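As recorded in TrEMBL, the features of this protein are as follows:
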| type | residues | note |
| --- | --- | --- |
| DOMAIN | 14-64 | domain 'Sulfatase N-terminal' |
Amino acid sequence: MALWTLNLSAAPRPNIVLIMADDLGFADIGCYGSEIRTPNLDALAAKGLRFSQFYNTAKCHSSRV
């Protein structure tokens, strides 16, 4: 019987923050050019990944369900 030990260094897991908002448009956040001040969301966007093209299918109910 053989016994193997593997020295695997686990890659660091990414931090993922998903923000889901009802009736929020592309230009409603400051980092996308809005006049509305959103400093906390802008700070998250500056340090993370920001999508420039995204699409969503219209739902028949609100996201609060």
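A Cβ is built for glycine as well, from the same backbone N, Cα and C atoms used for every other residue.
TrEMBL: automatically predicted annotations, no manual curation.
Residues of the domain 'Sulfatase N-terminal' (14-64) grouped by DSSP class, helix first, strand second and coil last, total 15 helix, 0 strand, 36 coil. Mean model confidence for the domain 'Sulfatase N-terminal' (14-64) is a pLDDT of 82.
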